[in-house]
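What follows is a set of notes on a single structure, which appears directly below.
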Amino acid sequence: MKKLATVAASIAAALTFSAAAQAATLDDVQSRDTLRCGVSDGLPGFSVTDSDGNWVGLDVDTCKAVAAAVLGDADKVEFVSLTAVERFTALQSGEVDMLSRNTTWTTTRDASLGINFTGTNYYDGQGFLINTDLGVTSATELDGAAVCVASGTTTELNLADYFEAQGMSFEPVLYDTSDQTVAGFEAGRCDVLTSDTSQLAALRIQLSDPEGAMILPEIISKEPLGPAVRQGDDQWFNIVKWALFLQVNAEEYGVSSSNVDDMLESDDPNVSRIVGTSGDLGSLLGLPSDWGYQIISQVGNYAEMFERNVGPDTPLELERGTNALWTDGGIMYAPPVR
Amino acid sequence: MPFTPTPARPAPISQMGVIGWLRKNLFSNIPNTLLSLVALYVVWQVLSSVISWAFINADWVGSSRADCTSDGACWVFVSVRLNQFIYGFYPAEARWRPNLAFALLVGFLIWLAVPRIPYKKLGGILALTAFPVAAYFLLYGGAFGLPVVPTSRWGGLLLTIVLAVIGIVLAMPIGIALALGRRSNMPAVRLVCTIFIEFWRGVPLITILFMASVMLPLFFAEGVSIDRLIRALIGITLFQSAYMAEVVRGGLQALGKGQYEAADALGLSYWQKMNLIILPQALKIMIPGIVNTTISLWKDTSLVVIIGLLEVLGQVRQALADPNWLGFPAEGYIFAALTFWVFCFSMSRFSQYLERRLDTGHKN
């Protein structure tokens, strides 16, 4: 399956290479007055629909921020739900303008698929969920453990790499879907369940006794998840990139959706560049001068986006951790808006 | 005094009615009685826990996860999401449009199916010409002041019905044409039809959908993209028509050779022969086969999940990923199963009704 996708993608890359260069996505989006954004077909905290049928999630908000910047209205997004295999084709063929689908940024994808990653909206990594009865507090104590894992994923490969590097042995218990993996863990088929930590939190809620399970502190892989655009349209690449950077900068300078109207009068030059009252940054990007104001007032800064979708007050209860600002001990760092 | 026979006494109560049946079938001798009791015990064990989970201990009303306090099923999850399961992301204020289109569809079906309603020919013509146009503008919009609802917002049961109905209706004539072609005397026509049928029947539907969704767009020029729903529909129709063709061919071959020869002897042309003699008889024989492939297509529509179209099952899976509602897969999947069952069972009953109505005594 993966091979097929790669072949398909390379063909796509070859085909789109000539055509994509002159395609101006910004013009298309403006004339259509809607942003077409590819999202996951159901991933807790990242892109799901609420009971009123609205898309919500961190990836969804990333799309909305771009729509707010380009069209001045965060609701002018047409969400296209994409499966993992068809996501790159949909982007290459122009079916969607941008992809914000929980996609790990890797060399192969960046270099061979005809797409460009614009940044990271969530630093994820693979972790372990264990039964608290086990009394284990660190992944280094897992020698000989039976591990529930979804088969055929990079998760499975990372797991083997980690145990080999640690000189430990393990017994894999393979499942096809995450539902089955949870059921296997619950039924005691394995001691440990492994997946991306953001998803472990969602899996943990599904257990009949969530308090009886905990996530170990070790993270054994790097999974920077972020939006991507087609290669060859640098203007659009810049816009999607800076929509996210602006949200991170806004958090750094304390600009949020609740105070952004007051910030319009701020004397801090950093803040006034963010909300667009000084400088001419919008026109450099091909956007209206209030692009930053629109993003912050309609979608919020990065912290708001995080708290709303995956933060401690949501059922997922994820801590900022690695995703905290660089000033707060995390690695979320964006180039300055100036 | 004339002889009046005393009326026959009723059979003893132990021999008739429910009790008689029970005695005869379940408790006729000791091993049989034991087996019956064991079976009843097992049935009771299973049913009682299912019933208490699904009905007695279930939560029916509420609006959030917190309303599901008992151990049983949480039907609140389904009721909260019901509109999405039925309409997908179709805008709430425009939901009367699919409702009306569905009502029209049912109306036409009743018109055509119930013998007492006259003007069948008019009904048939309208159902094949006016209805598709009306349904298109109702669902998609773009004319008569109806705003456009892009197909990415279609979903749930609405999408299932659209895929299945269009797939079946288009596949029928194409299937008949292919079947006639495969039995044609013209070698070129026969070859083309045979290759077509064998090709599409030889690949799984999932592969076709995959190609339509992942490969096909790469062959178009940049910016030219065919709607995903249309791509899926084309794939489903081609696939279904190959199956339909083989069902029709079975019906054609089941007719006695005498029917063909008699038609030829009357001097009828090929098309007269087919329209007046062969197809009316053959189609009647084929009803079980046609309904069989139809029901199977209805269920196969759920495969469009793999190309990101969210029909009933897709919507259920999508709803299961909502962090506020994690952990209710049983309720969601049972709802989806029941929805499919209701439609498939109705189709099955309808086909049996048709068979009875069209029966002209050829059954042995």
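Just so you know, glycine gets a Cβ as well, placed from its N, Cα and C.
It should be emphasised that the depicted structure is a prediction, and the values quoted were computed from it without experimental measurement.
TrEMBL annotations:
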TRANSMEM  B:33-56  transmembrane segment
TRANSMEM  B:96-114  transmembrane segment
TRANSMEM  B:126-148  transmembrane segment
TRANSMEM  B:154-181  transmembrane segment
DOMAIN    B:157-346  domain 'ABC transmembrane type-1'
TRANSMEM  B:202-221  transmembrane segment
TRANSMEM  B:332-350  transmembrane segment
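Tertiary neighbourhood of the transmembrane segment (B:96-114): same-chain residues 87, 90, 120, 123-124, 126-127, 131, 134-135, 138-139, 141, 146, 149, 158, 161, 165, 350, 353-354, selected by CB-CB distance under 8 Å and a gap of 6+ residues from either end. Same-chain residues lying 6 or more positions outside the transmembrane segment (B:126-148) and placing a CB less than 8 Å from one of its CB atoms are 94, 97-98, 100-101, 104-105, 108, 111-112, 154, 158, 162. When Cβ-Cβ distances below 8 Å are used as the criterion, the transmembrane segment (B:33-56) is approached by residues 26-27, 71-73, 334 of the same chain, each at least six residues removed from its ends.
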